[in-house]
Amino acid sequence: MENSDNDRFSELPGPPISKICCIGAGYVGGPTMSVIALKCPEVQVTIVDVSKERISQWNSDKLPIYEPGLEEIVKKCRGKNLFFSTDAKKAIQEAEIIFISVNTPTKTSGNGKGRAADLKHVEGCARLIAGIATSCKIVVEKSTVPVKAAESIMQVLKANNKQGVRYSILSNPEFLAEGTAIENLINPDRVLIGGEETPEGQKAIETLCWIYNKWIPKEKILTTNTWSSELSKLAANAMLAQRISSINSLSAVCEATGADVSEVGRAIGLDSRIGSKFLQASVGFGGSCFQKDLLNLVYICEKLNLPEVAQYWQKVIDMNEYQKTRFSQKIIECLFNTVSEKRLTIFGFAFKKNTGDTRETPAITVCKNLLDEGAKLNIYDPKVEKSQIIADLTSTRVTDNPEEVKKSIEIFTDPYDAVVGTHAIVICTEWDEFIEMDYDRIYKLMIKPAYLFDGRKIVNHEELQNVGFHVITIGKKLNRPGLMRSVGSISQQ
Ligand code: UDX
Ligand code: ADP
């Protein structure tokens, strides 16, 4: 028997799904939807964004974000079952599943300023959907949000409900890491889907599972209640960041004692209970997620009246700040305690290799500290746009004298040009090309003594010492006789 219109409207969508809409064409929405389109050719995927510019970039030959493997997928699916549009109305109306992948930055004013996640864009999406939808929808929260955000989305949707339109909210956090996003999406460690324990919630979970199950085995698709799913995302990032802060804290001990943090990392990582990943000591972690999610977790714990827990996670952030500043201090101390009017080369500005993203990159802190001390900087990064570097270093968060900063920095597109007449190279990002460079040639182009500060532990320190460089790295006293100066815990050769 045919369902009446009312019955059909009261039904939440179930498999098979024919249309998906994603709100937010950023680092999360873009790659995630591209992979869904690739793996589900029978499903039409439309990504919408408020930014016309972003959408036209997605529709052009130069995509707005760099991610290995992404361009090939977009080229393959775009115009077939993958669409980028500013017409949110049409896409929302037609879709059975709507993903919310908008940014959730840390609040810059008001309650929870500097810590709580700003949910204004997420709330905006909920209001947008409520205003447009004329049939039942599954709404998937993909942006990283505080625990219980799904409840807020539901409240907005219910309060603006039209007759017969029902919603089910799912939490489906994204665990992709930039630079390996496509690989992570195609072959994830797990997919997490949180939903309500009601029959409707379970049906929505089953529907989203149907999508992922097109290429991900069932064993890897984990279903939980909504709050567990939301908290798991924050917890995963907090635990990963904590490992980096832990090894970075030990890097200071290594420099003071003569131990080598790479050896320590390897030794402890071989314990299968600890594991080897995320134990690479560095200048500090960056990226849009770790700091933001930690701050968010700290804020939530304070709100839940769990001050000890809040302080515990706050220390992970504090240690990261300490590491970035410690590295900058080391550079200044080694360069005879002054970098004033000295020109230094910064190799790498992105927060990690294989991405053009600079959000919370440690390079900003290092550059800021050096600029504050009067240094001039030649900056080279293979993927970050010149305008982005200038915007980052002249933002009000970094300086109150942007014109002065502009005069003190120069951005290069050729690394060999960037080193000419500089006193030191500072490696801030672990780009592979920095490992293979012609350091003999570079050495000749620099002022002597020529210094290299390896904030990522990627270059061959012994070879560079043989070339003539004074090499300083993180978590290791380079033990060679020669120019040893008394600069606290800093070693150099
Ligand atoms: C992270 C999480 O890994 C991912 O699951 C989540 O969805 C988003 O946040 P991302 O920020 O893209 O991903 O990069 P990640 O590879 O985690 O690196 C974060 C920062 O930590 C980078 O600055 C990186 O250089 C640094 N890092 C990483 C270290 O300093 N040492 C390590 O051992 C690993
Ligand atoms: P993420 O790393 O979380 O993907 P991004 O900043 O890269 O964050 O992308 C988020 C995208 O969401 C941006 O392109 C932004 O323009 C878009 N966006 C924010 N709010 C809305 C909204 N209400 N409707 C549509 N797009 C939005």
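Just so it is clear, glycine is given a Cβ too, placed from its N, Cα and C backbone atoms.
Positions annotated as NAD(+) binding site by TrEMBL: 24-29, ASP49, ARG54, 102-106, 143-144, GLU178, 289-292, ARG359. The Cβ neighbour count for GLN291 (NAD(+) binding site), using a 10 Å radius over every protein chain in view, is 21.
CYS289 (active site, nucleophile) carries neither a helix nor a strand DSSP state and counts as coil. Cβ contacts within 10 Å of CYS289 (active site, nucleophile), excluding its own Cβ and spanning all protein chains shown: 25. The active site, nucleophile annotation in TrEMBL covers CYS289.
Residues or ranges marked as domain 'UDP-glucose/GDP-mannose dehydrogenase C-terminal' in TrEMBL: 345-461. In the predicted model, the domain 'UDP-glucose/GDP-mannose dehydrogenase C-terminal' (345-461) shows an average pLDDT of 97.
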Check your understanding: Taking only the recorded positions TYR27, THR106, GLU178, CYS289, GLN291, which have a CB closer than 6 angstroms to any atom that belongs to ligand 2?
Key -> TYR27
Review point. When the Cβ positions of the binding-site residues GLY24, TYR27, ASP49, ASN103, THR106, GLN291 are compared with the atoms of ligand 1, which fall under 6 Å?
Key: none
Revision key, fill the gap. The rounded CA-CA distance in Å from GLU178 (NAD(+) binding site) to CYS289 (active site, nucleophile) is 10
Point to revise | Residues that sit under 8 angstroms from ASN103 (NAD(+) binding site) by C-beta distance, when 6+ apart in the chain | key: GLY24, GLY26, HIS121, SER143
Point to revise | Inter-residue C-alpha distance, TYR27 (NAD(+) binding site) and CYS289 (active site, nucleophile) (nearest angstrom) | key: 11
